[in-house]
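K.L.:
Dumping what TrEMBL says about this protein:
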SIGNAL    1-21  signal peptide
REGION    48-77  region 'Disordered'
COMPBIAS  55-77  compositional bias 'Polar residues'
DOMAIN    100-220  domain 'FZ'
DOMAIN    269-530  domain 'G-protein coupled receptors family 2 profile 2'
TRANSMEM  272-292  transmembrane segment
TRANSMEM  304-322  transmembrane segment
TRANSMEM  357-380  transmembrane segment
TRANSMEM  401-422  transmembrane segment
TRANSMEM  442-468  transmembrane segment
TRANSMEM  489-514  transmembrane segment
């Protein structure tokens, strides 16, 4: 009797477990869990074993007597549903962080943005704070449209402005939202659009650290077909050469013709250079020929120094006159893309070396000429001081003269070329140092010429003083013929000193005027461009 009761109790427990498992199975959909239902036999002689048979859940009982059996376990596999991941707007599959809820969406009053057709019909003003209506948005976009004249900037800032000022707004059952622009869309505009930061600055809602710029969301912004590309506005011209780009306006360079001067002014200056250059060539050539004809008597110091001075000015004049050969001026001062040559020489740029060659002819030989001028005044000083003595004051110094006269200008010229500070100028028709950077003009032009004026005229005045003292203090020691020669020499040196001083002073004054005003001109030009 007792065994029967235990057997009935065991069957009841198994039936309850199977029913519970069946109800649980009807509710499951995904993840599987193992549930163990244990039954224990309290009989010392009975073992009940539950196993699977034909049906999903079935039991078989075997009764054994005389042996105590261990606890039997029934294992049931059940599954419990896992809720799907929560998304803000799950219906279109877009990442939740790439969207922002907005109160309302507005129908577009204009289906284009900065010349690009918008592929959607609604927008929102939720991302900006400088406009209250779509009309205000169009006014602000018209202001930003000025960047169309900076092509490299325009290519990257147009999508950003449209994504912020006129974002796509979507109306759905779960709420209204706009697509947020990616942070990458903002960061890529910083470098080519430096002109924005230097002029008006970026507004707060276009700062890349703003919360509505989310990394990785750029692909959520729809692609727009642009009907307008960026173009350069005169006096800038479009170029792909980064070395030609005007500061802050990537993709544009200054046109070859100097925009600060009119065409008529260019013609006047070119005519003046042609006349004065021709005159200089004729005069220096005539002087050189006189020395060549009577070389035996003329090749003595200090007279021979005049030959070297004229030879240097003659070669320098050839550099000035080279621009008047057909097509030469354009090749000298312009690059192949139509922009002004600057920061030459550019090794490997594919441009001709005409700019550097003309610079060498003009700068090197002019610096050599003024160096010889210092040597000439020093030689005169030595010669006049040695009057009345049998010694040759210049003997043994000729090698030093040549070393100084040819080496010092060469060092300056090589330094200019190494610093790539040679610029072309359509007004003068040559390439020269420091046209665009005043500090190089000061260091390589103003300082050497100032030294020439100071040192040269120091020795020249001392030589004149020596002659005058000799003329006035020793009238009985020199013959009347020698006295007449000294008087003629004083007059010639006075005329020469006056002419040389006048030319050098004019040259120095012109360079000083350009040096002091060029920054103002450059600033005015920059303000006009931007």
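Quick reminder: no glycine exception, Cβ is built from N, Cα and C everywhere.
Automatic, uncurated: that is what TrEMBL annotation is.
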K.L.:
Determine which residues of the chain contact the transmembrane segment (272-292) at the Cβ level, with the cut-off under 8 Å and only residues 6 or more beyond its ends counted.
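P.N.:
Contacts with the transmembrane segment (272-292): 298-299, 304, 306-307, 310-311, 313-314, 317-318, 320-321, 323-324, 428-429.
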K.L.:
To what whole number does the mean pLDDT across the domain 'FZ' (100-220) round?
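P.N.:
Summarising the domain 'FZ' (100-220) by its mean pLDDT gives 85.
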K.L.:
Mind tallying the domain 'FZ' (100-220) by DSSP state, helix then strand then coil?
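P.N.:
Counts, helix then strand then coil: 48 helix, 21 strand, 52 coil.
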